[in-house]
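Undergrad: Please read through the structure below; I'll follow up with questions.
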């Protein structure tokens with residue numbers, strides 16, 4: 001039976017139980033614009049709920065997309081009071097982490113402390129680990145808010161992630177299982193090297209390992225939530241070119257191996273030059289190429305929501321421009337009826 005899904009993200013925007021939405025893909029395909037557009041539509045559709053958009057990409061673009069400065073703490077978007085944004089700063093997070101670790105040992109000459117500092121600074125994927133810690137923090141906050149009335153804290157209905165390019169994102173999503181293995185090795189070390197560690201670290205190592213056990217429980221809960229399609233989904237973003245299509249397929253296969261829900265693909269920068277009296281020969285030639293790969297995507301991902309977004313005449317910056325552009329996530333772009341919007345955005 002041929003079941004063609006709607007070419008929109010309406011099922012995600014209207015979904016009532018989603019807690020986590022990841023937006024990812026190859027570099028330069030419009031992930032930030034797409035994640036910002038999804039966040040804007042969620043905020044517009046549910047004005048009584050609070051939403052948070054987090055950038056985990058070391059090269060942050062959220063501030064540029066909204067024309068508003070964001071930092072490591074959540075800040076409300078001007079013009080959308082129920083949407084907040086934050087950009088995770090790995091250096092600041094690492095500094096906070098080292099300060100927290102120093103409470104267990106104040107001796108600056110301690111060789112164990114020096115060794116741990118060197119290790120954390122050189123571990124591959126430390127940026128992804130720090131981003132994951134931010135996820136753990138929000139999990140913990142949700143638990144507190146669900147357990148008690150705290151009028152000063154904000155409970156976010158859904159958290160949207162503007163992720164780094166594919167490789168970083170896949171490492172980020174591997175962290176739950178990786179951390180469980182790492183924590184298991186730390187447990188083994190505590191048993192074998194316990195007496196020596198106590199001599200070197202002033203007897204505070206037991207507190208550290210107890211803290212790691214608590215982290216392990218939270219990691220397991222995150223893993224459960226990330227693999228629950230009622231709570232988490234992943235939106236793939238690409239452009240209609242061979243390399244982007246190839247990387248999208250690779251990413252989808254990886255996500256499926258992690259048991260993550262992925263059934264939506266946003267294709268950006270489409271020219272829709274067919275039958276356009278204003279298109280040039282170069283546009284027509286490029287649209288012909290785009291259409292070839294669009295047809296391939298239609299066959300390959302017939303059971304996915306395949307959303308086709310137009311290439312506009314200027315940059316999509318600011319809340320008002322994002323509102324105009326993001327409506328095509330819910331209503332398919334019509335080249336004839338909607339062509340005016342291509343040049344109708346406010347320049348920032």
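Please read every residue number as a count from 1 along the shown chain.
Quick reminder: no glycine exception, Cβ is built from N, Cα and C everywhere.
Here Swiss-Prot flags 26, 27, 28, 29, 30, 31, 32, 33, 241, 268, 310, 311, 312 as ATP binding site. Positions annotated as active site by Swiss-Prot, on the basis of sequence analysis: 57. Annotated Zn(2+) binding site per Swiss-Prot: 280, 283, in sequence order, evidence recorded as sequence analysis.
Give me the structural setting of these features: burial, nearby parts and distances.
TA: The secondary structure of residue 26 (ATP binding site), as reduced to three states from DSSP, is coil rather than helix or strand. All protein chains shown were included, and the count of other CB atoms within 10 Å of the CB of residue 26 (ATP binding site) stands at 23.
DSSP assigns residue 57 (active site) to coil in the three-state reduction, outside any helix or strand. Using a 10 Å Cβ-Cβ cutoff, residue 57 (active site) registers 24 neighbours.
Around the Cβ of residue 283 (Zn(2+) binding site), a 10 Å sphere holds 15 further Cβ atoms from the protein chains shown. According to DSSP, residue 283 (Zn(2+) binding site) is assigned to a helical segment.
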Undergrad: If you draw a 10 Å sphere on the Cβ of residue 312 (ATP binding site), how many other Cβ atoms land inside?
TA: 17
Undergrad: Among the binding-site residues listed here, 28, 310, which has the most company in the form of other Cβ atoms within 10 Å of its Cβ?
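TA: Compared across 28, 310, the most Cβ atoms within 10 Å surround 310.
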Undergrad: For residue 30 (ATP binding site) and residue 57 (active site), what Cα-Cα distance in Å is obtained after rounding to a whole number?
TA: 13
Undergrad: Between the recorded positions 57, 280, 283, which lies closest to residue 28 (ATP binding site), Cα to Cα?
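TA: Result: the closest of the recorded positions to residue 28 (ATP binding site) is 57.
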Undergrad: With residue 312 (ATP binding site) as the reference Cα, tell me which of the recorded positions 57, 280, 283 is the closest one.
TA: 283
